[in-house]
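Residues annotated as pyridoxal 5'-phosphate binding site in TrEMBL: 102, 103, 135, 220, 221, 222, 223, 278. The annotation N(2)-acetyl-L-ornithine binding site is assigned in TrEMBL to 138, 277. What TrEMBL records for 249 is N6-(pyridoxal phosphate)lysine.
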Ligand SMILES: *Cc1c(COP(=O)(O)O)cnc(C)c1O
């Protein structure tokens, strides 16, 4: 049996997996078990911002493996404390909780917003406003926040009190606000839902609404945060601060770690015993977080992302002009969607065959989440493959 066939036999089929079995990575390239090389423009869904095997990252984690990997949250550890300080300083917020995934980050943020509401009202009947086409995770809480009925329908009953508004339509949000509204959760750039950026005007409108009504503004930057959009947090481009931000994916660059970070007002609502995680923020993963922040800063990687993204977007403009099957593009920084009028999944498969890995975001959108270390030369190489493949899809 091939490894692929073994996988099909032993794994629960929650995914439809693609054919190559991956073996190793180096820089911006992935290699399968047959020795084929792929240019990586998806970063393991926005995780591997530093590419594969960044020497400094690898050295730090090797060192941490030999020092301490886990002690539980009964104790602080040096890597965890260092990572906490870096996360708090980078977000301009005050208090962090480390968890293991994006779903846990949004769950934690939800619990924190509900606890604040409970302290304020004495009631546990809060409502949350989320958005159509959003994605916040797959647990029974976070999947309810996710505005995609297909992910929900078989798994009810889910949590109560979640309503969905329309992105970039402030009136649609206001229409849902009641005196029970505890939080509004939104991705500054929707990822799974099709790479849909919020406008600055909308974000500032949400901030003002939340201030006025004492509602918690939760920004889910699990995918768009950590430099992907050209600033360490996307919300700095909107000139606002959230009450809570959710992080995962790029914060650990490959080890399972997430975080939610609150301002002082919300941070103080959580007391010992309210929330927990056995692994959350153990010294191994927080050493990764801490090292990621150091590398981003010292190697000016966020600046690189901002710079190269301009070049990538200019190439996308050319694709829109040159190909009838390309309708438009949208996104911020190195989180970009190419909107097609042919099935994105088919184009995606053809690209992978030609050695370029990207992901889809819905039936029409090719989603680009390259490592933040890419250069213009990598963009040129990707464009050669994309042009070759798109030609096959021209009617
Ligand atoms: C991926 C993602 C999540 C869920 O993260 P997991 O680590 O898969 O649980 C939540 N929110 C957003 C915006 C995401 O992109």
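Keep in mind that glycine also has a Cβ here, set from the backbone N, Cα and C atoms.
DSSP assigns residue 135 (pyridoxal 5'-phosphate binding site) to coil, not to a helix or a strand. The most densely surrounded of the binding-site residues 103, 222, judged by C-beta neighbours within 10 angstroms, is 222. Of the binding-site residues 223, 277, 278, 223 has the largest number of other Cβ atoms within 10 Å of its own Cβ. For ligand 1, the binding-site residues lying close by, meaning a CB under 6 A from one of its atoms, are 102, 220, 222, 223; the full candidate list was 102, 220, 221, 222, 223, 278. Just so you know, the Cβ of residue 102 (pyridoxal 5'-phosphate binding site) picks up 28 other Cβ atoms within 10 Å once every protein chain is counted. In this structure, the recorded positions 138, 249 were compared by how many other Cβ atoms lie within 10 Å of their Cβ, and the smallest count belongs to 138. Note: residue 135 (pyridoxal 5'-phosphate binding site) has non-local neighbours 146, 148, 187, 190, 191, 192, 193, i.e. same-chain residues 6+ apart with C-beta under 8 A of its own C-beta. Secondary structure at residue 277 (N(2)-acetyl-L-ornithine binding site), as computed by DSSP, is coil. Residue 221 (pyridoxal 5'-phosphate binding site) counts 28 other C-beta atoms within 10 Å of its own C-beta, drawing on all protein chains shown. Comparing the Cα of residue 102 (pyridoxal 5'-phosphate binding site) with the Cα of every entry in 138, 249, 277, these being the recorded positions, the smallest distance points to 249.
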